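Engineer: Got a structure for you, written out below as structure tokens; questions coming shortly.
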């Protein structure tokens, strides 16, 4: 891996630029080698450097450029430089164009450091893979693609979870299902054990059913409506992991 990953920040607001610099330098292995306030400054910096930066943090809104014109200029002339967009621009067309142009990531301002740090760590890991191998196996390529697609790739289940599913709560529900084993449990009992409402517990239980980790069964009692109970289901993937 490179001894350090050099970063150029392109940001017209000097206060935001300094904040971004501090965020970058909090992450081990990264250093900021320049800050440009305009597109012209950015191009002049790149033209004057004996060694180009590995990474550019680029805003969409630059005073002397319109839209993504600076992005495409850098792409055409300095295709070996990777780009992460840090911008308040949320328009779907803008994000889509940047994605098609091959950005490493797109982070909306204000920047959350935890989110930003994950991206830089994933970028560093990608560079480590590329610089340490003459050839890549499919597994290596899968890691590279995964790293670019999602900073949550270190936790695939978290990346794939739908909105409203918290991983900590989900794990608690998993543990409860395992503990009750064959007896099963209903949504009300699960909610009391986890500390959530019945409807929330049902949502988590049904999500585990959709993953194949739980099985739902209607149990008919002597009086009233049938009760929906859930049991832990040993799916194929879990079985393989246990072997």
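Numbers run from 1 along the shown chain.
Cβ from N, Cα, C; glycine included.
What TrEMBL says about a protein is an automatic prediction, not a curated fact.
The annotation domain 'Response regulatory' is assigned in TrEMBL to 6-124. Under the heading 4-aspartylphosphate, TrEMBL lists 59.
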Engineer: Averaged over the domain 'Response regulatory' (6-124), what pLDDT does the prediction give?
Structural biologist: 95
Engineer: Near residue 59 (4-aspartylphosphate), how many other Cβ atoms are within 10 Å of its Cβ?
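Structural biologist: Counting Cβ neighbours of residue 59 (4-aspartylphosphate) within 10 Å gives 22.
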Engineer: DSSP on the domain 'Response regulatory' (6-124): how many residues come out helix, how many strand, how many coil?
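Structural biologist: Its residues fall into 52 helix, 26 strand, 41 coil.
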